[in-house]
Each structure stands twice: as C-alpha cells, then as structure tokens.
Amino acid sequence: MAEGDNRSTNLLAAETASLEEQLQGWGEVMLMADKVLRWERAWFPPAIMGVVSLVFLTIYYLDPSVLSGVSCFVMFLCLADYLVPILAPRIFGSNKWTTEQQQRFHEICSNLVKTRRRTVGWWKCLFTLKEEKAKMYFMTMIISLAAVAWVGQQVHNLLLTYLIVTFLLLLPGLNQHGIILKYIGMAKREINKLLK
C-alpha cells in the first residue's frame with residue numbers, strides 16, 4: 001500500500017512541476033489573483049462583485065450573439081496568453097521573486113493539479129456507476145438533468161451565468177474564511193433536528 005501512495009505522490013509532484021513550468025510566465029498574475037480570490041484584504045469581495053457585475057452589464061448592454069460572444073472570449077484569452085508573460089515582469093518586477101512567492105506558486109499549481117484529478121475521478125466514478133448500476137445511473141442523470149433544465153427555464157441565462165461565475169469566484173474566499181464550513185455545519189444540525 002505504501003508503494004502505491006509513494007507512486008501517487010511522485011506522480012502528483014511530477015504533474016505539479018510540469019504545470020509550474022507551463023505557467024511560469026503567469027506566476028506574478030496567479031499570485032495576485034490568489035490574494036484577491038482568498039480575500040487577503042477586506043475590500044476584495046466587493047471588488048470581485050463589482051468587476052463581475054460590470055462585465056455582465058456590458059454583455060447585457062451589447063447583447064452579442066453566442067458566436068460573437070465565444071469569439072470575443074477566445075480572442076481575449078489569446079491576447080492574455082500572448083501579453084501576460086511579456087508585460088507581467090515589467091509590471092510586477094519578477095526580479096523580486098522570493099522563496100515565499102515560489103512556495104505559494106507551487107501550492108497553487110499543486111491545488112490546480114489536485115482539482116483536475118478530482119474532476120477526472122468524478123468523471124470516472126460516473127462511468128463506473130454507469131457500468132455497475134445502469135438503472136441508478138439512468139435515474140440519477142434523468143432527474144439531475146431535468147432539474148437543471150427546469151432551473152434553466154425559470155431563470156434567464158445571463159442571470160444564471162452571472163450567479164454561477166460570481167459564486168465560483170467567491171468560493172475560494174468563502175472556503176478560506178471558513179464560511180462554507182460554518183453554514184454546512186448549521187445545515188447538518190438542522191437536518192439532524194428534523195430527522196430526530
């Protein structure tokens with residue numbers, strides 16, 4: 001068992017090192033984004049909400065077609081991919097890269113690799129459920145997708161996307177400050193009261 005754990009740890013370290021190498025030009029930007037997403041300052045959550053709201057109000061005002069919206073989004077990603085590695089060292093001064101910053105960058109990359117592994121694990125679990133318990137898989141998928149379709153029918157697409165993006169951007173800070181665990185604990189207590 002220890003050999004399997006050691007192999008998994010080595011594989012995780014190799015994947016993390018590979019990701020660090022790929023994202024080296026984005027290091028300063030990722031560190032700044034990490035600070036913002038983890039709410040290191042009290043004004044970061046309102047700033048996140050303000051920027052997301054401004055972006056979605058602009059999209060609402062311009063009302064682009066799906067093809068135009070996707071095209072502009074991909075064009076923005078391409079520009080960022082080209083310009084960030086060039087401009088980041090000039091803006092942030094990469095000659096001041098400390099061991100603490102390198103350690104935090106390593107942690108961020110490790111967390112990204114772990115998140116990707118969890119996602120792939122859930123995907124594999126879904127297919128395992130399909131193979132082993134086809135009826136349960138079928139019922140779960142039908143009920144889940146019907147619920148998502150109903151919510152999509154009731155709530156405007158742009159509003160729903162705004163709420164999802166806002167929640168995902170606030171999630172690291174909510175997690176960092178223990179807010180999620182607090183409300184999950186409250187929900188568990190209430191469910192236990194109802195079950196008793």
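Each residue, glycine too, has its Cβ placed from N, Cα and C.
Confidence across the domain 'RETREG1-3/ARL6IP-like N-terminal reticulon-homology' (26-182), taken as the mean pLDDT and rounded to a whole number, stands at 91. Sequence annotations record features per position, and here TrEMBL assigns domain 'RETREG1-3/ARL6IP-like N-terminal reticulon-homology' to 26-182.
Residues or ranges marked as transmembrane segment by TrEMBL: 42-62 (among others).
Under the heading transmembrane segment, TrEMBL lists 68-88 (among others). Proximity of distant same-chain residues to the transmembrane segment (68-88), defined by a Cβ-Cβ separation under 8 Å and at least 6 residues beyond the stretch ends, is recorded for 25-29, 59, 94.
TrEMBL lists 136-153 (among others) with the feature transmembrane segment.
For 159-184 (among others), the entry in TrEMBL reads transmembrane segment. Beyond the transmembrane segment (159-184), the same-chain residues lying 6 or more positions past its ends with a Cβ under 8 Å from any Cβ of the stretch are 34, 37-39, 44-45, 48-49, 52-53, 56, 151-152.
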